[in-house]
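Below: the structure, in structure tokens.
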């Protein structure tokens, strides 16, 4: 100890590290020794964690006592090693880089063999084919989805694609941001106009998603029968569930979680109300109403996206032209879809007359509205001013909304199946444009899927009427027939049959084909018809249904109505499958169908429905019908 006391008076730094395994560290430097050291000296106690070798050490601290700095840290490795290793690494790297050149100057000397390195291969630029693969996948999926679904399930298909189009909520969520004030009940109050529009679009889309999937499930449940394998319906239900759940899983912040909770609340309320009050006969107008939600949400999202992205448009005017065009198209298609769907809803619900309403100069008016949209697009793309761009978006939203009204009001009730499928396609293309401008692959693929699905369904409907899509959308009348003469005038007296005679015919028949039309839907006669089928089947009479592709007011509507009433779906056949069987049928019972059973489509080239595929009920041995038609019927 005397040696330590003598050394303390002479040295400036003392480092101690004496340890005894399993015991307290020995005391080697006393406080008197520390007091004898020169002012400014340093002592480092490496044994501080075990009590220390220096009497004045404070464990885990650095302090000054008697003018001597005491270091008693117990975590020196973690304090020094990272810095030391980084310093050594940086030193090695700097020496390596300087060694590549000459005289401490950084220069890559390729003549020096050790400096010769193999360059990495530059990745090849993606071809246009690969770049468009996402949209192509969506289109291909939509194509195979529709063509692979039996016509009996076209109504559930329309409903589920309509529900999926509510994924516009995902685009709205991307624009909502995180700067919100939390409301008392857990909702979200936006702080900017863009966030307000995005929140409104998300709320509207949540109604569309909840109601659409609910109605789809309800329709699929109608086709279920005990003891029968329905794997296909189970797969559709699982597919629907996965899509519904996956929409929200990508947004996990607290604000988005709060929004999701409020969205589910509205979903539950809406679902409950739908279950209480919805009639199956109201499905077409409900689907039309849901389409309007998608159109409005798409328009609101486009406007919100313009507000958010405008600074980026200013920084790169030439590179943003495509995104601005997609944004404009989304607002345009959304406006047409919104008001067109509302008009379709009004016609189907009976609020508006179902007959076509032709405005004077309607084609000129529609052309002027379209020209106004093109003019707005030109100003929108050429101007970098925020107010001008926003006003042009508002202009196209207004003009396109007027187009939706003028186009749909000129379409009559019988053409509503095509209108609904076209509106479904519109909602898909609006969603696709939204995905393109947000650079969101999910929205782009789903939008392409829905758009192609609706377009193919529209093609199927038009083909079933022998009419072009343009003819239907522009409110035209007549088929593609080239006849230019006057349609045949039907003369004579119609043969009437009363109820007892009808009962006698049906009771004595061996085979009966029932041909329902929209009249069955309007009268809600599916339950009496189902009971009639049961009674005839008990008597050993073969009963089948023949469904025309455009019967009703929505694709597959009659199949859903009959399924709701309990009619076995294996006796409900499509036109192409049953049309050749009328020759061998005893009785054809037509209920509320008209043009779909009119023989003039095949026999009169000058008829307005010439060339339209129809059910050949007139070839049956006996025919009973109850018709409502604006075209002379000659079965």
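These residue numbers are counts, starting from 1, taken along the chain as shown.
Quick reminder: no glycine exception, Cβ is built from N, Cα and C everywhere.
Feature annotation from TrEMBL assigns transmembrane segment to 197-216 (among others).
Per TrEMBL, the feature transmembrane segment maps to 261-280 (among others).
Beyond the transmembrane segment (286-307), the same-chain residues lying 6 or more positions past its ends with a Cβ under 8 Å from any Cβ of the stretch are 158-159, 162-163, 165-166, 168-169, 171-172, 175, 192-195, 197-198, 200-202, 204-205, 207-208, 211-212, 215, 278, 324, 327-328, 330-331, 333-342, 344-345, 348, 389-390, 393-394, 397, 420, 423-424, 426-427, 430-431, 433-434, 437-438, 554. Per TrEMBL, transmembrane segment is recorded for 286-307 (among others).
Feature annotation from TrEMBL assigns transmembrane segment to 327-345 (among others). Tertiary proximity for the transmembrane segment (327-345) is limited to same-chain residues at least six positions away from its ends with a CB under 8 Å from its CB atoms, namely 285, 288-292, 294-299, 301-303, 305-306, 309, 351-352, 373, 376-377, 380-381, 392-393, 396-405, 407-409, 416, 419-420, 423, 426-427, 429-430, 433-434, 437.
If you look up TrEMBL, you'll see 365-383 (among others) marked as transmembrane segment.
The transmembrane segment annotation in TrEMBL covers 390-411 (among others).
Residues of the same chain lying 6 or more positions beyond the ends of the transmembrane segment (436-457) and with a Cβ under 8 Å from any Cβ of it are 134-135, 137-139, 141-143, 145-147, 154, 157-158, 161, 164-165, 167-168, 170-171, 174-175, 302, 305, 309, 322-323, 326-327, 330, 421-430, 555. Residues annotated as transmembrane segment in TrEMBL: 436-457 (among others).
Outside the transmembrane segment (365-383) by six or more residues, the chain places 321, 324-325, 328, 332, 359, 389, 392-393, 395-396, 399-400, 402-403, 406-407, 474 with a CB less than 8 A from a CB of the stretch.
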